[in-house]
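The block underneath contains the structure these notes are about, expressed in structure tokens.
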Amino acid sequence: MKDKMKIAVIASGRGSNFMALVKACRKDGFPAGIALLITDNPDAGALESARKNGIESFVVDCGPGRGSMSAESSSEMRRLCVERGVELVCLAGFMRIVRGDLLDAYGGRMLNIHPALLPSFKGLHGQKQALDYGVRYSGCTVHFVDPGVDTGPIIIQKVVPVMQDDTEESLSERILVEEHKAYPEAVRLYAGGKLKIEGRRVLISYE
Ligand code: GAR
């Protein structure tokens, strides 16, 4: 992984975004490589994928709070990342709000992917929220993580139409196809030094 920015991926579930990043990182000239996968879920599909792909992985018990993480688990994740020289943390379907040491250490160096066009439909079940609201378009957002829930500066958004006969599943699938493009694109920009945060706005350098 010489000359590549080391990234850590944190995921709770299936891990399709993790795999999209794994595949992107293998491409010639991609400026980042995955140093480790961390999960809070011993049954996460992402864990199995990491093992199959020879990527170091850890299960960190984040405590009983649904949607939150214990202070100890945040410190432990920070330690795992810092010890390996991780420069960027990518949340990929991590179903807890990141607070504490991990965010303190990686503020401005942590990305998240959300399955809706923020600032609409924050939090859980972004796809269902969009469907229930009746919007004509939804999509996904890759953004920097700040102390709020899905509130950090936006890097990339991709839009999909909402069809009249969509179910939560069919809309989620359509959005997921775009997620798998958006996340590698955002990581490429970040690791290539192309992003600058100015207040709420993220400026992209195209030089
Ligand atoms: C993705 O749709 C991601 O956007 C969403 O969870 C799914 C994870 O899928 N994240 C959130 O809802 C975060 N609030 P994956 O495990 O296949 O990448």
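Cβ coordinates come from backbone N, Cα and C, glycine included.
According to TrEMBL, the feature domain 'Formyl transferase N-terminal' maps to 5-187.
The N(1)-(5-phospho-beta-D-ribosyl)glycinamide binding site feature in TrEMBL is assigned to Gly15, Ser16, Asn17. Cβ neighbours within 10 Å of Asn17 (N(1)-(5-phospho-beta-D-ribosyl)glycinamide binding site), excluding its own Cβ and spanning all shown chains: 26.
Less than 8 angstroms from the CB of Arg96 ((6R)-10-formyltetrahydrofolate binding site) sit Ser12, Asp40, Cys62, Gly65, Gly67, Ser68, Met69, each of them six or more residues away in the same chain. Summarising the annotation, TrEMBL assigns (6R)-10-formyltetrahydrofolate binding site to Arg66, Met95, Arg96, Ile97, Val98, Asn112.
Taking the Cβ of His114 (active site, proton donor) as centre and 10 Å as the limit, one finds 24 other Cβ atoms among all the protein chains shown. The annotation active site, proton donor is assigned in TrEMBL to His114.
Annotation note: Asp150 (site 'Raises pKa of active site His') sits in a coil segment as assigned by DSSP. Among the features that TrEMBL reports, site 'Raises pKa of active site His' is placed at Asp150.
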Out of Ser16, Asn112, give me whichever of these binding-site residues has the highest number of other Cβ atoms within 10 Å. Asn112
What are the sequence-distant neighbours of Val98 ((6R)-10-formyltetrahydrofolate binding site), meaning same chain, six or more residues apart, C-beta distance under 8 angstroms? Ile10, Met69, Ser74, Leu91, Met110, Val145
Measuring CA to CA, name the entry from the recorded positions Arg66, Met95, His114, Asp150 that ends up nearest Asn17 (N(1)-(5-phospho-beta-D-ribosyl)glycinamide binding site). His114
Compute the C-alpha separation of Ile97 ((6R)-10-formyltetrahydrofolate binding site) from Asp150 (site 'Raises pKa of active site His'), stating it in Å without decimals. 9
Measuring Cα to Cα, tell me the gap between Asn112 ((6R)-10-formyltetrahydrofolate binding site) and Asp150 (site 'Raises pKa of active site His') in whole angstrom. 8
